[in-house]
Amino acid sequence: MSTQSNRNALVVAQLKGDFVAFLFVLWKALNLPVPTKCQIDMAKVLANGDNKKFILQAFRGIGKSFITCAFVVWSLWRDPQLKILIVSASKERADANSIFIKNIIDLLPFLSELKPRPGQRDSVISFDVGPANPDHSPSVKSVGITGQLTGSRADIIIADDVEIPSNSATMGAREKLWTLVQEFAALLKPLPSSRVIYLGTPQTEMTLYKELEDNRGYTTIIWPALYPRTREENLYYSQRLAPMLRAEYDENPEALAGTPTDPVRFDRDDLRERELEYGKAGFTLQFMLNPNLSDAEKYPLRLRDAIVAALDLEKAPMHYQWLPNRQNIIEDLPNVGLKGDDLHTYHDCSNNSGQYQQKILVIDPSGRGKDETGYAVLYTLNGYIYLMEAGGFRDGYSDKTLELLAKKAKQWGVQTVVYESNFGDGMFGKVFSPILLKHHNCAMEEIRARGMKEMRICDTLEPVMQTHRLVIRDEVIRADYQSARDVDGKHDVKYSLFYQMTRITREKGALAHDDRLDALALGIEYLRESMQLDSVKVEGEVLADFLEEHMMRPTVAATHIIEMSVGGVDVYSEDDEGYGTSFIEW
C-alpha cells in the first residue's frame, strides 16, 4: 500500500472514530463556515453513547438538525445494521431530513459503500445502506408524528421538532401530542445501546419537553443564545446547561452573564433584533430555551377569572356567581391559556335580567406591516363588561378595513366608537368618520393612551378580571382562535387575543403582538366608571324601587301575567286587564 493510501486510510479511520472530525470535513464539503464552539459541543454530546434518553435544546438557527443528520450518517457508517427512525411534526420536515442524509452519503466519496444496492429500499422516505442485512425495518425511515408510526423498530429514534405552534397551542392539542410520543416506547428496540433523542425548541410554557423531563426520566441539555442573565435563570438551567457552557459560566459568571454563548453565530446586535421581533416571552422560549415562566405574579391575567357564556344579544342577567369548579369548566372551546388555566362558565345567575346599557366599538388603529388594527365590541350592564366580539384586520386603515369596522358598528348597534389617538391630530377619526356615517349613526370619541403599554394593559384588566366582571361571549373565543393569522395568512396563535392576554407581563416588550389585547384594554379603560357599580346592590335597589312604586297602587285580583321593564330590569307579574295602575292581590 502506498504512503498516500496509508495516509488516506488513517484519515478515514480518524473520521470514523471522531464525530467532530467528521463534522469538520462535512461542513467543508458543504461550503459551510467552520463549526462554531457550540456546534462542536453539540456534536460531542450526540456522539456520547451514554446519553440514552435526552432532549437536545439549542437556540434557533444553530443548525441542530443539520448536525443530527450528520450524526445519523456517521452512526450508520460505523454500524450499518442500525435502524434509525426520524419523526417530525410534519411529514415534509421528516422527509427533508431523510433527503439531507442521502445527500451527505452521495456527497462524500469515502461513504460510497453506504449507497443502497440493487434490490434494497431506495426512496426518499425509506432506504437501506449498502452493507445492511435484509430486515423488516429500513436503515432510515422518516415519518410525521401523526403518520404511520407503528410497524417499525428502531435502534435510534430522532424526534426533530415534533412540537410546533400548531400542535401545542391549546391544551387539547398538547394532550394529543403527548399521547403520540408515548408510542416511541413500543418502537424502540429493547437493547442497551438504543436511544431516543429529541431535538427541539419550546413553543409554549407547557412544553412537551418539560413533561418528558418531569414524567419520563429524560435529561435535558441546553445551548441558549445567551449565558444565564439572572440568578433565577441560572438556577433553572442548573445541570441542564451544556457542560461546556456551564464550565465557562461558573469560572467567571459576572463577566459572562447575559453575553452571547456563540458570538460567531449570533452577536449581541443580532440577538437584540431577535428579542424585539419575538418579544421578551418569545425570545426567552425560543432563544433562551427557558419555559419556566408560568407564575401568577409574572402573568397577571388568567382566563379562569373571566366568565364565559352563551349570551343573549339584547339582555343579560343582572348578577353572576363565579365558582371555578370542575363542573363549570368549558372544554369544547380552544384554550390557549397556560397550564391549569381553564375556561369557566358561571355557577349561577340572577333570575332578573336587564337590557345592555352602554354599547361601544373600540379600535386600536395600526400602520401597515405585521401589526393588526385590533377591535373589540363591548357592552355593559350593572357593573359587568361583556365582550361580544373581538378581532383584528390587516392593511392598517385601508378603505377595506374601515368599511369592515363601520359594518361592525352597525351590526352591534353601538352608541359610540372609541379609538386610540396614536396617529396624531385625530387622523384616524377624520378618515373613519365619513365611512362610519354611511353605515351607522353614532358618536365617535378619541382616547389617548398614556404610560408604558404593558403596565397600562395589566393595570386596567387585572382588577376587572380578578373581580370576575368580564363576561366573554363563548363564540368570541372560537372566532378569535380561528382568525389568529400572521402577515402571510398562516395560523399563528400569537395574534390571538386570549394568547396575548395570558402571556402579557409588566415588562416592556413582553409581547411581539398585542393589538387585540390593547383594543380590549382601551375599551375597558373607557368604561371604567360603569365598573364601579355593585351589581348585587344595584339589582336590589332597582327591585326596591319597583316594589315601592307598586305598593302605592290599589290592590285588585290577579288573573293575567304581564311583563314590563323598569330601570333596565325585566319584571314579570300578574295583573287584571284594565288595571294597569293597580298593585297585585293574591
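Using N, Cα and C of the backbone, Cβ positions are placed for all residues, glycine too.
What Swiss-Prot records for D364, E420 is Mg(2+) 2 binding site. According to DSSP, E420 (Mg(2+) 2 binding site) sits within a strand segment.
The Mg(2+) 1 binding site annotation in Swiss-Prot covers D364, D518. Annotation note: D364 (Mg(2+) 2 binding site) sits in a strand segment as assigned by DSSP.
What Swiss-Prot lists as region 'ATPase activity' is 1-229.
Residues or ranges marked as region 'Involved in prohead binding' in Swiss-Prot (evidence: sequence analysis): 571-586.
What Swiss-Prot lists as motif 'Walker A motif' is 58-65, and the listing cites sequence analysis. Long-range contacts of the motif 'Walker A motif' (58-65) within its own chain (CB-CB distance under 8 A, at least 6 residues past either end) are made by residues 36, 38-39, 42, 97, 160-161, 199, 201, 222-225, 262, 265-266, 286-289.
Sorting each residue of the motif 'Walker A motif' (58-65) by its DSSP state yields 2 helix, 1 strand, 5 coil. Across the residues of the region 'ATPase activity' (1-229), the predicted structure has a mean pLDDT of 91. Counting in whole angstrom, D364 (Mg(2+) 2 binding site) lies 7 from D518 (Mg(2+) 1 binding site) by their C-alpha atoms. Sequence-distant neighbours of E420 (Mg(2+) 2 binding site) (same chain, 6+ apart, CB under 8 A from its CB) are I363, D364, P365, F428, E446, I447, R448, A449, D518, L522. Cβ-based neighbour count (10 Å, all protein chains) for D364 (Mg(2+) 2 binding site) stands at 28.
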